[in-house]
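Structure first, then comments.
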Amino acid sequence: MNILAIESSCDETAVAVVRDGRTVLADAIASQVDMHTIYGGVVPEIASRKHVEAIVGLADRALAQAGIPKSRIDAVAVTYAPGLIGAVLVGVNFAKSVSYALNVPLIPVHHVRGHIAANYIAHPELEPPFVCLCVSGGNTLIVDVRGYTELELLGATRDDAAGECFDKVARVLGIGYPGGAPMDRLAQGGDDTRYELPRAHVADAPLDLSFSGLKTAVLNLVHNAQQKGETLDLPGLAASFAAAVSDTLVPRTMEAAGRLGYGKVAVAGGVAANSRIRADLESACRASGDKLYLPPLSLCGDNGAMIGCQGYYEYLAGVRAGMDLNAYANRDIGKG
Ligand code: ATP
Ligand code: MG
Ligand code: FE
């Protein structure tokens, strides 16, 4: 079964063709990062307009890459939540028109379920159940993946997402947008004990997380240093920051894995590219005996293939949408 998959929830427009859930025939992506860099963050209006400009050409490119005609497309899958509402709407409306024109089913896909599914593409042997740490620009969740379409939220950030925190700290340090990857490079060789940074706990919710205190602590540290004319040890700060983020994420993920006892842990989302988090999860899973599944860097950020993969499993579960499908800025991962 060939699925045409569409993703437009943030600042990447992506169209993929995925066969039977796990074989990627084409994955065409247009990033808008250069447009948003000058503003230091994603400007929603610009994002929507750029999606409109890119999406038709990307679909043509994806079909050409896949080497199949439109008539061989059996269904259309699309990210319908969560994300920037105007951006998501572009993909949803394009997907509706393709579904109508080709007379094939329309499958709505939750964006974070898609991030999790990137692991199915990377690891053909991986099947639920497993525990997944989902860390991206807008979401930080610990999820019980009981089945392909049966997911339960175990814990979530109460404030900022981990990726958002990386981006804001990078911005105040003047090292560019999006800041996760340059922060990661800066941290290499830095002393991770150089600065003492907080690790927050949420009272009575051991699997919930919080990053706003950490973000504020770094911002205060930078502003105080600037006021006093002191020079910061930037690699040390980046390494101390990555350690604080990882110390918040990894023990909670392992706590969830221990409670559920599946023996399998996966990571998903843009921040899954972070070298410190990957290394800490590797040693934690070595110690606990859990098998760890990490997506390759190319599948951590937004892409269409992950939507086509999850779309296949949603299709098998009977999930369909009509022409009244709406887009949502927020949506419970458990509800799909
Ligand atoms: P969401 O998936 O929550 O809707 P999004 O789609 O914008 O948000 P992704 O594209 O999955 O998020 O991930 C982007 C985020 O990943 C950015 O915040 C970016 O800084 C972060 N990121 C990318 N590489 C790294 C890295 N090596 N270390 C830390 N963060 C990283
Ligand atoms: Mg992005
Ligand atoms: Fe994403």
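Just so it is clear, glycine is given a Cβ too, placed from its N, Cα and C backbone atoms.
Predicted automatically and left uncurated, TrEMBL annotations should be read as such.
Look at TrEMBL and you will find 23-308 tagged as domain 'Gcp-like'.
Here His115 (Fe cation binding site) comes close to Cys134, Ser136, Ala268, Gly269, Met306: these same-chain residues lie at least six apart in sequence, with C-beta atoms under 8 angstroms from its C-beta. Look at TrEMBL and you will find His111, His115, Asp302 tagged as Fe cation binding site.
Positions annotated as substrate binding site by TrEMBL: Cys134, Val135, Ser136, Gly137, Gly138, Asp167, Gly180, Asp184, Asn274. Remark: Asn274 (substrate binding site) has Val135, Phe166, Gly180, Asp184, Ala242, Val245, Ser246 as non-local neighbours, by Cβ distance under 8 Å and separation of at least 6 in sequence.
The distance from the Cα of His111 (Fe cation binding site) to the Cα of Gly138 (substrate binding site) comes to 11 Å. Summarising the environment of Asp302 (Fe cation binding site), the number of other Cβ atoms within 10 Å of its Cβ, over all protein chains shown, is 27. DSSP assigns Ser136 (substrate binding site) to coil in the three-state reduction, placing it in neither a helix nor a strand. Highlighted here are the binding-site residues (Cys134, Ser136, Gly138, Asp302) whose C-beta falls below 6 Å from ligand 3: Ser136, Asp302, in sequence order.
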